[in-house]
Amino acid sequence: MKVTKVGGISHKKYTSEGRLVKSESEENRTDERLSALLNMRLDMYIKNPSSTETKENQKRIGKLKKFFSNKMVYLKDNTLSLKNGKKENIDREYSETDILESDVRDKKNFAVLKKIYLNENVNSEELEVFRNDIKKKLNKINSLKYSFEKNKANYQKINENNIEKVEGKSKRNIIYDYYRESAKRDAYVSNVKEAFDKLYKEEDIAKLVLEIENLTKLEKYKIREFYHEIIGRKNDKENFAKIIYEEIQNVNNMKELIEKVPDMSELKKSQVFYKYYLDKEELNDKNIKYAFCHFVEIEMSQLLKNYVYKRLSNISNDKIKRIFEYQNLKKLIENKLLNKLDTYVRNCGKYNYYLQDGEIATSDFIARNRQNEAFLRNIIGVSSVAYFSLRNILETENENDITGRMRGKTVKNNKGEEKYVSGEVDKIYNENKKNEVKENLKMFYSYDFNMDNKNEIEDFFANIDEAISSIRHGIVHFNLELEGKDIFAFKNIAPSEISKKMFQNEINEKKLKLKIFRQLNSANVFRYLEKYKILNYLKRTRFEFVNKNIPFVPSFTKLYSRIDDLKNSLGIYWKTPKTNDDNKTKEIIDAQIYLLKNIYYGEFLNYFMSNNGNFFEISKEIIELNKNDKRNLKTGFYKLQKFEDIQEKIPKEYLANIQSLYMINAGNQDEEEKDTYIDFIQKIFLKGFMTYLANNGRLSLIYIGSDEETNTSLAEKKQEFDKFLKKYEQNNNIKIPYEINEFLREIKLGNILKYTERLNMFYLILKLLNHKELTNLKGSLEKYQSANKEEAFSDQLELINLLNLDNNRVTEDFELEADEIGKFLDFNGNKVKDNKELKKFDTNKIYFDGENIIKHRAFYNIKKYGMLNLLEKIADKAGYKISIEELKKYSNKKNEIEKNHKMQENLHRKYARPRKDEKFTDEDYESYKQAIENIEEYTHLKNKVEFNELNLLQGLLLRILHRLVGYTSIWERDLRFRLKGEFPENQYIEEIFNFENKKNVKYKGGQIVEKYIKFYKELHQNDEVKINKYSSANIKVLKQEKKDLYIRNYIAHFNYIPHAEISLLEVLENLRKLLSYDRKLKNAVMKSVVDILKEYGFVATFKIGADKKIGIQTLESEKIVHLKNLKKKKLMTDRNSEELCKLVKIMFEYKMEEKKSEN
């Protein structure tokens, strides 16, 4: 679904349904705005000023454009009339020479436009020249009105003999309904093949391909003509069509018509049957065949349209040959039509669940369900990351799904004997892993766990398990009853004592104030701002965590980065922090950003976005500045003119309108035009913010850093404050020094979250997520809020904001051993095993300072969220190791990097903003090239040495696995809908998908896959071949190879980790096969992987062989283009190193070596 506008009316466009639906917010204004479509502005007939060469003509045509933008032709009672727009008429001098024939897009309109311009009377007959354009608009309006009235899908729920079922009511659906049962599938396919053979001979298709190969852009009509000859359309002349139509009036069935008109082509027979007889004759296996030529030809025409008539430049002749090879073409069309039949059956099942008797599936109804499903699938990453983190904390070797297995339980065997089965928590104690698990828990929850209290620990792990399972069973296992807003309800889960203490401590007022104090210290505020100024800032600032979900509000960091460039044009007073020491300058900027950011997101947005703010005053000022720019005054044309007529009176609605315009036009405009929207909004907020600071006496923050010399009392306190904060983390009972308390007393907080059990469980989940997943979750919840216009997830978003105060901070006291780092180090051909070897290896003190291991953030993340052993195996296979030489090179390059950054910065300024008499020379070009090459080399080396590349690899792998889990959820949903659609009378289908087997009547054992296999065997009990597909021997092989239904379990239960029994490429192959019932879904798998790779800076091409095996054709780094508009050879650097590209390629190919059988 996407939002669009047609003639100024907001719609939701459902591309799969092909219809436009009124947006709810527009319902009351639709008729009025539809009528407004008939008002046609005449400036559309005047050429753009920029299309002329001379400045005089640009200015003259600009004035014409402006004049005619206020003149409209409208239709009333079938008569055309002229009227003025809303703008006031301005007295002006005019002359016949002001408007020339060359200024008008179409010469036939020139005479009447000239009369209008010269203020001469124009009658309705003269206005008839615009009739055709008005007619086109009228057709558009009628189409829209029909769309609104037809605002429904062709499905209705009925009750037939006490069996609730859904049927399609369109003509196509009548055909599909005839073949609803899978037993008729073979006959359906046979009819498709037969129709294809009737329409197309192999030699004709071969000739068609030759014609396409020799095609030029201007000769596409020849392909159409040749194709029409193939299907016999040229023989159906107009008089022949009249003969057929006359006969149809007197003939009641297709057979009789063919007898009377025997010369009809196969296609014409099919089209006539579909149009005139399909819903009149009683369908049987014989007459229904008539419909299939029509179906096949539609698919063929669509292929020609996509690959020939509207052929894209990236479609090669080889691809055309493959697609249109006779047997391939036949199979492709067969699959497409089979997919459509399957989709119909699934839709019948879907609407059976959601509709009441007699109810029709409307487009709005469909959209709501799609939106809910899409939102829930976006949350899959939450459950999968949390699940991986749980496994990592437990250090479990269990390859099976561990949810529901925290506690041990007593079970009975076949003989009735009781046996205790250990839970995952039991294993911590049985395998003596208490210390390791305690350290792992501390990395996530920063809490001092008492591992000697086993019951308390078991309750805590059970809480985490229940919270994860609650989400997984709602999403991964597709819960029909679950609404998006209830995904984090965590019903019937009581927080354990540890959970309560931990969460209550997190939302404690004193702890929150200390977090803010830590941020002030980290941002170097105490070093660069005098004490009395800090205290004054704190007195005037309120720190809030409430989420401000406002569309199109620019981030503060984006605005800050543009202040220097925009300060003159916007009339802003600004002093950029600058010292002789680059590090010091950066620290001052960090402090300034932190202090200003709190004001921006707090009191400023509260004021600016309110009805009492000056939002509209500032926005008008920005438009006026653009309008009065010297260059625009000459032409009379200015970019921001398009925003002048926006009528919304509330800032939030104004922004939503601009965001809508941006999204609608994004695909049809060049980058410069798209940037206009973002640039306009950024200027409004930047000007508004700086005005707010000036009006509220807070501009003094501009001068931060200038009083450093007088701030001796706090300048050197950073480390002292850090030490205290670390001690306080370990013991909250220690006394807070007066010096810190003085600041804490002045920190004011907004409303603090109140404790609820639901938020307590949500908190446990959040602490298991990495920073990226937490950001994605926040975005998903904000989008849900916006789409549903409700306050759902407000508390959850506030909690995320609260945790973001320090969620991505590295805990310094996490355990890190030399042999863990040593897995990726090359010490004379071996891995480093202990501190002694690490000291010898690392003479540059990058990993070891002589006494202690230096802890890099990336390795902290790898240990906390990662797959250390799997990463080691992938790195070993890729030959990826850090050498002593690389450490030395890194240390040397580190000393030179500031010089290279400075060189790039200065030369880029010279290129982008040259001073008077300054020119970017060839020598500058070469120096810039050398600087960016040095920076690239250093950056890649740094990312390797500091383990950033391994951390990226882990994040990439995890992201791909999350996405694949989403596909298994869709498969489960589709299976459920297909079975319900095909067998609406079967009352036991729901038991296949019910997890509480003890409540089931028929399917009492096993998970979804096992229960479905039982159903499958019952369905095909008389077909030995199909039953044998899931024999015990075959199931054993399928499980081992993770094929067929068992790839679903392998992905959904996250069994790829830790051992990678099959490669990621094989996972993709097997998943595509599982999804082969839907071509779009199957093809989407690889597209989503390519998109994820692109997000991480890789450009990949996969190849799929005739045997359906997937391989990597190319995998390269994304290129970063520098000095884009310079008329020289493009300067490009690689975002990722070649070594990392190789590592990613190996990641896709890696799988655990098979154990050799012992003989």
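Heads up, the Cβ atoms here are built off N, Cα and C, so glycines get one too.
Per Swiss-Prot, the feature region 'NTD' maps to 1-170; the stated evidence is a curator's inference.
Taking a C-beta cut-off of under 8 Å and a sequence gap of six or more, Arg41 (site 'Binds target RNA') has these contacts in its own chain: Phe68, Ser69, Lys71, Met72, Gly85. Summarising the annotation, Swiss-Prot assigns site 'Binds target RNA' to Arg41 (among others) and lists experimental evidence as the type of evidence.
Taken from Swiss-Prot, the feature site 'Binds 3' nucleotide of the target RNA PFS' applies to Lys47, supported by experimental evidence. When other Cβ atoms within 10 Å of the Cβ of Lys47 (site 'Binds 3' nucleotide of the target RNA PFS') are tallied across all protein chains shown, the result is 15.
What Swiss-Prot records for Lys86 (among others) is site 'Binds target RNA'.
A C-beta separation below 8 Å, combined with a sequence spacing of at least six in one chain, links Tyr245 (site 'Binds crRNA repeat') to none of the other residues. If you look up Swiss-Prot, you'll see Tyr245 (among others) marked as site 'Binds crRNA repeat'.
The site 'Binds crRNA repeat' feature in Swiss-Prot is assigned to Arg377 (among others). Other Cβ atoms within 10 Å of the Cβ of Arg377 (site 'Binds crRNA repeat'), summed over all protein chains shown, number 20.
DSSP assigns His473 (site 'Binds 3'-end of target RNA, in adjacent protein') to a helical segment in the three-state reduction. Per Swiss-Prot, site 'Binds 3'-end of target RNA, in adjacent protein' is recorded for His473, and the stated evidence type is experimental evidence.
Residues or ranges marked as site 'Binds crRNA spacer' by Swiss-Prot: Tyr601 (among others). Look at Tyr601 (site 'Binds crRNA spacer'): DSSP puts it in a helix. Listed in sequence order, Lys548, Phe556 are the same-chain residues at least 6 apart in sequence whose CB falls under 8 Å from the CB of Tyr601 (site 'Binds crRNA spacer').
Within the same chain, residues at least 6 positions away in sequence whose Cβ sits under 8 Å from that of Gln659 (site 'Binds target RNA') are Pro551, Phe552. What Swiss-Prot records for Gln659 (among others) is site 'Binds target RNA', and it gives experimental evidence as the kind of evidence.
Summarising the annotation, Swiss-Prot assigns region 'HEPN-like fold 1-II' to 752-813 and lists a curator's inference as the type of evidence.
In the shown protein chains, 13 other C-beta atoms lie within 10 A of the C-beta of His771 (site 'Binds crRNA spacer'). The site 'Binds crRNA spacer' feature in Swiss-Prot is assigned to His771 (among others); the stated evidence is experimental evidence.
Per Swiss-Prot, the feature region 'Binds crRNA spacer and target RNA' maps to 804-810.
Shown for the region 'Linker' (814-946): DSSP residue counts in helix, strand and coil, namely 85 helix, 8 strand, 40 coil. According to Swiss-Prot, the region 'Linker' annotation covers 814-946, on the basis of a curator's inference.
Mean model confidence of the coiled coil (880-946) amounts to 92 (pLDDT, 0 to 100 scale). Summarising the annotation, Swiss-Prot assigns coiled coil to 880-946 and lists sequence analysis as the type of evidence.
Swiss-Prot lists His901 (among others) with the feature site 'Binds crRNA spacer', giving experimental evidence as the kind of evidence. Around His901 (site 'Binds crRNA spacer'), taking its Cβ as the centre, 15 other Cβ atoms fall within 10 Å, counting all chains.
Look at Swiss-Prot and you will find Gln904 (among others) tagged as site 'Binds target RNA'. Cβ-based neighbour count (10 Å, all protein chains) for Gln904 (site 'Binds target RNA') stands at 18.
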Inset, instruction - Tally every other Cβ atom lying within 10 Å of the Cβ atom of His473 (site 'Binds 3'-end of target RNA, in adjacent protein'). - result: 16
Inset, instruction - For Arg1135 (site 'Binds target RNA'), list the number of other Cβ atoms lying within 10 Å of its Cβ atom. - result: 16
Legend entry - Composition by DSSP (helix, strand, coil) of residues within the region 'HEPN-like fold 1-II' (752-813): 38 helix, 0 strand, 24 coil
Inset, instruction - Please state whether DSSP places Arg41 (site 'Binds target RNA') in a helix, a strand or coil. - result: strand
Inset, instruction - Please list, for the region 'Binds 3'-end of target RNA, in adjacent protein' (995-998), how many residues fall into helix, strand and coil according to DSSP. - result: 2 helix, 0 strand, 2 coil
Inset, instruction - Work through the recorded sites one by one (Lys47, Arg377, His771, His901, Arg1135) and name whichever has its CA nearest to the CA of His473 (site 'Binds 3'-end of target RNA, in adjacent protein'). - result: Arg377
